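**Q** Would you mind keeping the following structure in view while I ask a few things?
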Amino acid sequence: MTARAWQDVLRASAREERGRIFRERSILLVLVAIPLLYPVIVAYLYHAEDARDRPALLLDLDGSALSRRVALELEATPELRVARRVASLDDGMAALRRDEAELLVVVPPDFSRRLKRGEQAQLAVWAGGANMYTWAIAYPAAVTVAGATGARVRAAAFLAKGMPPAVARARAAPIATGDRLLYHPTGSYGRYLAAGIFLVVLQQLVVVSLAFSAGARLEAGLPPAGREPLPLARLLGMAAAHAPFWLAGVVFIGLVLMPAMGWAGPSVLATATLLLAFAVVMVPVAIGLASLARDRMGTFQLLMFFSVPLFLASGFTWPPGQLPRAVELATAVFPATPALRALRVLVMKTGDLGAVAPQLAWLGALLVLHSAVAALVVHRASLARRLSALRRKPGAEPPAALPRSTP
C-alpha cells in the first residue's frame, strides 16, 4: 500500500467517525460528559478544600474552672467544635459508634485537683478513627490543647515561686516548634486529591471514547476497524475525529477549572502542558484497546476495573517506596504513574517543567513503547498469518485439489 492510500484511508475514517459521533448520541455524551460533568462534580465536592470544625463530644467529670477552660480552648480551635456534652462514657461511646463525632474528650473528676498538687493529670481522648483524614485533623488539635493547658499550668506554678514571666514560660515549655509547609501552605486536601482525579478523568476520556465508538461500530454491523485494510490508518482516523474533544477536555480542566479553583499550582501553563503530554501518550493505548473492543459496555467494564487500582498503585496517594516492588514494576508501564507523580510536583511545589524532567522522559519512553505495542495489536491478524506461513516447512507445497471424475 502506498502512502497516498494510507492517507486516503485515514481521511475517510476521520470523516466517517465525525459523522458517527454526531449521529450516535451515546458517543457524543461520552465525549462531552466525561470532561465536563465529572470534573465539575469533583470540584464542587472538594471546593471547601479542608475539613474544619470537626464535631467533638465532651464529658466533663471535673466541673472546675480549669476543665471549663479546656472546653473553651477546644471550641476555639479551627479544627474542632464541641458538638455536645455527654452525660456518661457509655453515652459518648455510643455516639462515636453512630459516627456523630470524631472525638470524645473525657476530663476526669480529679483533673484540676491533681494539677494543683503538681501531679500529672490525664485528659482522655477517644477517637473512632473510621475516617483517617478527619481523625488526623481532630486528634492533633485535641493534643495541642492539652499541651498548651499543661504548659500554662506549669508556667503559673513557676510564677508562684517568684520567677519572672519570661523565665517561667521558658521553663514551662523549653522547646518551641515552628512548622512551615513550604510548598503547600494551605494544607488543602481538595487541591491535593482533585488534581489527581482530573488526570484520571483525561485518561478515561481518551480511552473510553475511542473504544466505546469502536464497540458501537461493531454493534452497527460494520467490520472491526482492526480487520479492515490499513487498520492502523483507520483507527488513527477515528482518533483524529475524537482529538478536538480530547483537546477541549485538556483546555477545560487545565486552563479553566483548575485555575478557577486555585488548584493549578504556580504555573498554569506548566500544569496544562503536562496534562496535554499525558493525553498524547494515552492515544496509542486507546488505539490498541479500541482494536480489541467487542461492544460498548466492555470498554466501561475494563476501565472501571483498572482505573482505581492504577490510581492507588501509582504512588500518588501512597509513598512509592512503601509499595511492593512487583507493584512498582507493573505500574511503571502505565502513563498515569509518571504523570501523577509529575502533577503532584507541579501543583504543589513548582511550576518549572525542568523539575519533572525525569517524569517527562518517562512519558516519552512510554509513548514509544505503547506506540509499538499498539501497532502490534492492531496488526495482530496479519502478523498471525505471516507467522503461520513461516512455520511451514521450506519447499512444502499445499495439497493439490482432487481431480473431478466425469460420469
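The backbone N, Cα and C atoms fix where each Cβ goes, and this holds for glycine too.
Remember, TrEMBL labels are computer predictions, not curated facts.
Pasting the feature list from TrEMBL:
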| type | residues | note |
| --- | --- | --- |
| DOMAIN | 26-374 | domain 'ABC-2 type transporter transmembrane' |
| TRANSMEM | 27-46 | transmembrane segment |
| TRANSMEM | 192-214 | transmembrane segment |
| TRANSMEM | 235-257 | transmembrane segment |
| TRANSMEM | 269-293 | transmembrane segment |
| TRANSMEM | 300-318 | transmembrane segment |
| TRANSMEM | 360-383 | transmembrane segment |
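Could you tell me the structural context for the features on the list?
**A** Residues 17, 20-21, 24, 26-27, 30-31, 34-35, 38-39, 42-43, 46, 184, 224-225, 235, 238-239, 242, 245-246, 249-250, 253, 257-258, 261, 263, 275, 278-279, 282-283, 285-287, 289-293, 296, 299-300, 302-303, 307, 311, 316-317, 335-336, 339-340, 343-344, 347-348 of the same chain lie 6 or more positions beyond the ends of the transmembrane segment (192-214) yet place their CB under 8 Å from a CB of it.
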**Q** Counting Cβ pairs closer than 8 Å, which of 235-257, 269-293, 300-318 has the most of them with the transmembrane segment (360-383)?
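**A** Per the Cβ count, the answer is 269-293.
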**Q** When you scan the chain for residues with a C-beta under 8 Å from the transmembrane segment (235-257), skipping those not six or more beyond its ends, what do you find?
**A** 9-18, 21, 31-32, 34-36, 39-40, 43, 198, 201-202, 205-206, 209-210, 213-214, 225-226, 264, 268, 271-272, 275-276, 279, 283, 286-287, 290-291, 378
**Q** When you scan the chain for residues with a C-beta under 8 Å from the transmembrane segment (269-293), skipping those not six or more beyond its ends, what do you find?
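**A** For the transmembrane segment (269-293), the list is 198-199, 202-203, 205-207, 209-215, 218, 224-226, 231-232, 235-236, 238-239, 246-247, 249-251, 253-255, 258, 299, 302, 335-336, 339, 342-343, 346-347, 351-353, 356, 360, 363, 366-367, 370-371, 373-374, 377-378.
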